[in-house]
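Colleague: Before I ask anything, here is the structure I am working with.
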């Protein structure tokens, strides 16, 4: 965890900001505010993405997904005083900001409202935008939480307002922290209350993790993402999801015939989003490294399981499917993408190209090591030579032993 301290802010004391950087991006943002006495007054950790629909100069509409916030600052975040309540303020990208306001009653506090401001003058995020400038959406919430309790909502929450859709998950927040100590008592959102119901097990022995029934190889589907210039991302793959929740393991094959794809393409990042009747979203985020290669950097998923619960996992520190820019990545044999201990994706007949797609066709493929059978040739030859040498040595030793036997003293 990387922590740094900002300058004193009137009404809030010192602001301590922490960004969580780890393999599992369960909490992409984490913020701790301290008052002038260095006691914690507000604590929050959460994940959020935004989807903005905007009009272009040629009178068409594009949708841009903002999942990688980049470097963020927290200027304006305060603990609150007699005049104003606590506030979380986040700034990111070029002119983007997000604010959450809190209020307090006699025995409860509230997440009062959320506002999101975005800048369509940012040509990188909003290429060819017709209406340049700042835009703000305001969402009143009034989520009431008992004082001295931590609000938790791991499930996906969605706010929609005209052209802007906001997604939040893995939310943990407490305002008006008492005695400088974040409470261990959790107040769950309604979705988490539903997803955490565990069936009663009539035994005193802990239930072991169940072994899922093996499934047949999933059918490969072809998915694509289009921008204003045509196809910008291609993917062909059979997908098998391995999920473990509440010690219950399950295997789910994705049916490409009932799965839809959307996404976005930028110069250094690309997003492929799959969704169906049960999958809210399954995101594959690709990135460019060293200006000459691409790789799978991030996977996010939120889906409904058969028991009615919501399963959500995110990881933005992956390194799979590495290939040169201008080529595609291919792996026909089964390959596993380990997103977390509770979530793995098995891929079959995989081919993907998230950048530099020309005329909607794949470029020359770089094959994975699993498909490279040429390495078997030296192994087989080496094993054969080793066996031959062993046979020769054994025959030589037997021959010498017989020779010695002919010259023994009578």
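Each residue, glycine too, has its Cβ placed from N, Cα and C.
Automatic prediction, not curation, is the source of TrEMBL annotations.
Pulled from TrEMBL, these are the listed features:
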DISULFID  153-189  disulfide bond
DISULFID  331-368  disulfide bond
DOMAIN    218-357  domain 'Lysosome-associated membrane glycoprotein 2-like luminal'
DOMAIN    377-408  domain 'Lysosome-associated membrane glycoprotein 2-like transmembrane'
TRANSMEM  375-398  transmembrane segment
Colleague: Pop the Cα-Cα gap between residue 368 (disulfide bond) and residue 189 (disulfide bond) into the table, whole Å please.
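Modeller: Their Cα atoms are separated by 43 Å.
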Colleague: If you count Cβ atoms within 10 Å of the Cβ of residue 153 (disulfide bond), leaving out that atom itself, what do you get?
Modeller: 22
Colleague: Roughly how many angstrom lie between the C-alpha atoms of residue 368 (disulfide bond) and residue 153 (disulfide bond)?
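Modeller: It is 39 Å, counting Cα to Cα.
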Colleague: What's the CA-CA gap between residue 331 (disulfide bond) and residue 153 (disulfide bond) in angstrom, rounded?
Modeller: 37
Colleague: Kindly report the helix/strand/coil residue split of the domain 'Lysosome-associated membrane glycoprotein 2-like luminal' (218-357) according to DSSP, in that order.
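Modeller: Counting residues per DSSP class in the domain 'Lysosome-associated membrane glycoprotein 2-like luminal' (218-357), I get 3 helix, 97 strand, 40 coil.
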Colleague: Highest Cβ count within 10 Å among the disulfide-bonded residues 189, 331, 368: which residue is it?
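Modeller: Within the set of disulfide-bonded residues, the most crowded position is 331.
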